[in-house]
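Following: one structure in structure tokens, then a few remarks.
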Amino acid sequence: MAREVPIEKLRNIGIVAHIDAGKTTTTERIPTTGKDIQIGEVTEGAATMDWMPQEKERGITITAATTACYWTRNGERYQINIIDTPGHVDFSVEVVRSMKVLDGIVFIFSAVEGVQPQSEANWRWADRFKVPRIAFINKMDRLGADFYRVFKEIEEKLTIKPVAIQIPLGAEDQFEGVIDLMEMKAIRWLEVTLGAKYEVIDIPPGYQEKAQEWREKMIETIVETDDELMEKYLEAQEITLEELRKALRKATINRQLVPVLCGSAFKNKGVQPLLDAVIVTYPLPIDLPPVKGTNPNTGEEEERRPLDEEPFCAYAFKVMADPYAGQLTYIRVFSGTLKAGSYVYNATRDEKQRAGRLLLMHANSREEIQQVSAGEICAVVGLDAATGDTLCDEKHPIILEKLEFPDPVISMAIEPKTKKDQEKLSQVLNLSSLKEDPTFRATTDPETGQILIHGMGELHLEIMVDRMRREYGIEVNVGKPQVAYKETIRKKAIGEGKFIKQTGGRGQYGHAIIEIEPLPRGKGFEFIDDIHGGVIPKEFIPSVEKGVKEAMQNGILAGYPVVDVRVRLFDGSYHEVDSSDIAFQVAGSLAFKDAAKKADPVLLEPIMEVEVETPEDYVGDVIGDLNSRRGTIMGMENKGNITVVKAHVPLAEMFGYATTLRSLTQGRGTFIMRFSHYDEVPQHIAEKIIGERMAGKSS
């Protein structure tokens, strides 16, 4: 079956920004041809890209909604697959897992607030995934909008080379359109059409000098990336528009430059040129290097080129529960084709699975298709897959690199209200924790039997509980949020574990001696087999490691997991008859417990990176409050009459901070908080936490 859209007419893009910079509104404004789509307003709770009830109520994006739309440029029809991602830090996993499947990203910046914290964090992720970018300075119609200030912030804060290919025609309530520095024409949107139509005019006299100045800057910046053009430029030869565009595209794909455009998505101004820039400057799927993975049968590295004739290979980047279709698995096809109803091989799980219906998505509406090909994105009904799984041709197996997600930093106890709720809850938590959201986990406390849910922040858990009620009709009682403490050690120690059990028949014998030492913070766990002379047979070495890991999960001081430890197994003994896997597991566990209590164990707590934006009048009160929360002020930055206070604060001290900040700043302050690192809890506080924890376990 021939593909509907040629691969060279396909673009896969993400829309990423800080919360409230206008991502969803921008996506809503991207028009489609052949479909009558009603434009929704985020401010009215009607945006179609924000389709979950919680998103409509809060005016923020929680999940990464996908939409396929079409754009015609110079008579050629293109398909643009767009992923609109959350700006709230509690849902940044949606941004990260989208990065792997995108060919380019449009970063939205507010012309008023400029470069904000979550944008910086997401920019670093884009660097890691080597994704080309375009910057769109939005909200040019707002009071305080300043294109030139934000352009400078992009250059300084993100340490990249931006190149303005437009400058604004007016600002704030005088914002009319943009000046195209390539064509040296002004584009003015007609208010009477609500921005649906525009006119191309000569640059007004009052803007000609600034336009010429910025065009020169644009040309200089672009030619610096191309030796041939630089030579022509230095020799004062004419550089054609086609040469400039070609060089800009190459520099964008190679991540040497970031084109900068501007507009007001809310007023529907600037979106059409943004789409043109996506078509002209972003890479085609066939421009990208082959994806690399591992053949599970041979262990050797293999690659797949973005061609339909290559063996099928796709990456599951998102899994969602749909109330009507069941599980939806969103995939990006890197090579080959997949037909509806055919079988695929889930190489990650070593399972053959049937792909039912294939759906082209527009937020929460959908269009059924019969085939998906290289470079395309779709949702598949019927697969039992999880985020990060590789789907492929069974005869040509490959496993692509899986994403690593941060551990949750906050937990909360939940209790079903009725027996009926109890029965449904385990099924829902299994889907949410294992497949749908890799940063959300559900566990059962082995001592109390309580169900604990774990996530990236208060809002994250609040949304999950709300979804249980709305989508599955499950009512739960919710406990207070709890901090995900951890434990570690400060010094080296040696420990011995010996497990001997004599019964009437065969006994049990395991004996292990280990040395433990602290690792740098965040390094996790290392196990070194340093056994010589066969004092412990090789088949029992993994048993010792398993026992050590089990003991680490149960903690030293208060039952919290132990992290950042190196364990060296260097001695022990065994019995020809009585030694067994379980005996050496117990020996390993006992050895770790023996060593750990001598290694100066300490309690660790999550430290959050907090950024508070407040009017100048309240800075003193804000800093005083952060200090009272054991915070360390890391710096301050002025943005007009707004001051940004940056601090490191223990998560345990940040519960309920939103209410306090509203009170301190008369509702005018805002803050963002994200995980930074783990650090030691001060001794007097640690003693209290340990005491309360142990009292809870004994009661």
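Glycine residues also receive a Cβ, built from the backbone N, Cα and C atoms like all the rest.
Quick look at what Swiss-Prot lists:
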- 8-286: domain 'tr-type G' (DOMAIN)
- 17-24, 84-88, 138-141: GTP binding site (BINDING)
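Along the domain 'tr-type G' (8-286), the predicted structure has mean pLDDT 80. Under the three-state DSSP scheme, Ala17 (GTP binding site) falls in the strand class.
All chains included, 30 other C-beta atoms sit within 10 angstroms of the C-beta of Met140 (GTP binding site).
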